[in-house]
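The next block holds one structure in the form of structure tokens; read it before the comments.
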Amino acid sequence: MKLENVNFRKVAIICACTMVVGLTVSMAILPELVNLMLRQNLRLKPGSDLRKMYEKVPFGLDFKVHIFNITNPQEIMQGGRPRVKDIGPFYFEEWKEKYDIEDNDGEDTMTFDMKNTWIFRPDLTAPLTGNEMITVPYLLVIGVLLAIQRDKEAMLPLISKGLDIIFEPLESAFVTVRVMDLLFDGIPVDCSSEEFAAKALCSGLDSEGAVAPLNDTHVKFSMFGLRNGTSIGRFKVYRGIKNVADLGRVITYNDETEMDFYDGDECNKYVGTDSTIFPPFLTKKDRLWAWSPEICQSLGAVYAGKSSYQGFPTSFFTIDFGDLRDDPVHQCYCRDPPDGCPPKGTIDLGPCVGAPILGSKPHFIGGDPKLLRDVDGLEPDPKEHDIFIHYDLQTGTPFSAAKRLQFNLELEPIRGHEVFGKLPKMVLPMFWAEEGASLNKTWTKQLKPLFMIRKFNATVKWLSIVLGTLGTIGAGFMHYKLHIKPVNVRPMEVQKTTVKEVEPSVETNGTGKEPPEKIEPRVVESAHRNLPPLFDGGLAGKQKPVPSDQRERF
């Protein structure tokens, strides 16, 4: 086929239309169809697959605990700088389950109790065993004294007397215990004394949920034992059937619509989900909000950049605790703002746990440099200690996540106390825990078709742009080249002239005088050929001779 026979104008129109159709399909129609399908499936509708996974997470989460072993307790008692060693991880499986579920179709809500169950994994903990002996701050002693000194100082003598009776002899703020006793099995506490101070102290510890009964005369204290396999509270959340943006959002906790731990309304709100689910269709500007009853606060992860997980493109989110002194909106978390705010990179957990405890990232990563200077033995590493989520914005799927939180004691001297009067004023790390999960191929393959559609959609879009643009421009150029005839303009030949000067003649007319000077006309020799009609025969061809009488006037 000859190019002259091709209708390049039609080809250009077809290419332009193909580009428009391709862009419309890839940027509007196909994405909307996918979103419609996701809206139908990403709802906590009774009997749905998502609902079953939400009620009981079908795999165990990784729960790892690291404990800071105090190597110089006696020096600390005299005001010295602590030296610590990170011992761990001690590995547990964490199973999350929701039960006693009630649905309300009118409100589009579900109400349930939630429990966490931890199972020790010695195979993954090895070479550690959980039987290691470690030295840590004894929260039942120094934690109680610090809390009473801060909030109810008038009761300090009574509490001190009760502690002297229960822990006789009371000689240190630290205790050496077996790891598993500290974490789950429990440290025995003798509450058999009939002394009023001792009975009042044991009764107070029991009512606060700090200890569990061991027998008629003893109770036991541990970090996680009381919460293992028991309800952490009753939640009411949105199911997301009517509005998918509300999926999993916490409405009430233990029938309360807000907390009462803080002075400001903003800090007492439940913001976000219970961290086991997140809504879909988020953007990079949105935060991943989750509220936790263990810390009585909402934490929001922020977008930090693009990432990938097992070949899937994801968005990387992290959490920065920041500095409340520079955040007036959330200074309601401070005891006495702005000077009473916790150090940069920490959050005050005292109102929630009833003890002077600060939360932070492990090894004070991202915190005030003074926190690191006050303790020997800390080695912050972003890969090991930062909080992260590899997240898919469209489906709300966390492919891989690690929530890491360190618990620290706000240490200070106990005023007027012989044993604890020389303690340094500083933030002492006690332990840190990591709760995390990473989807294996069993779960990621279920999302693969969706990502294949995304790749296909992106391919259609860019092919439409590239081929449509090149085809339109190329066809338009060929149409112009073949069908738009150029106009040939003949160059005009310019008349060439030669000018000669004629010497004037002198005449006396018989008077002996020269006549007045006359201006003689120039004789122009014209050499012209092929002149246009305007010149050829127009002016030059029709020039009449000048009469002699008129020449005299020159």
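Glycine is treated like the rest: Cβ placed from N, Cα and C.
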Per Swiss-Prot, the disulfide partner of Cys267, chosen from Cys202, Cys332, Cys334: Cys332
Transmembrane segment per Swiss-Prot - which of 164-184, 458-478: 458-478
Bond partner of Cys296 - disulfide, per Swiss-Prot - picked from Cys334, Cys341, Cys352: Cys352
Listed residues Asn215, Asn509, with the one flagged N-linked glycosylation site by Swiss-Prot: Asn215
Alpha-carbon distance [Cys267 (disulfide bond); Cys296 (disulfide bond)] in Å: 9
Same chain, 6+ residues apart, C-beta under 8 Å of the C-beta of Asn69 (N-linked glycosylation site), given in sequence order: Val84, Lys85, Ile87, Ile134, Thr135, Val136
CB within-chain contacts under 8 A for Cys341 (disulfide bond), separation at least 6: Asp323, Leu324, Arg325, Gln331, Tyr333, Cys334, Arg335
Averaged pLDDT, computed only over the residues in the topological domain 'Cytoplasmic' (479-554): 51
Cys267 (disulfide bond): secondary structure state under DSSP, collapsed to three categories: helix
DSSP three-state assignment (helix, strand or coil) for Cys332 (disulfide bond): helix
Spatial neighbour of Cys332 (disulfide bond) that is closest, considering only the recorded positions Asn215, Asn228, Cys352, Asn440 and their CA atoms: Cys352
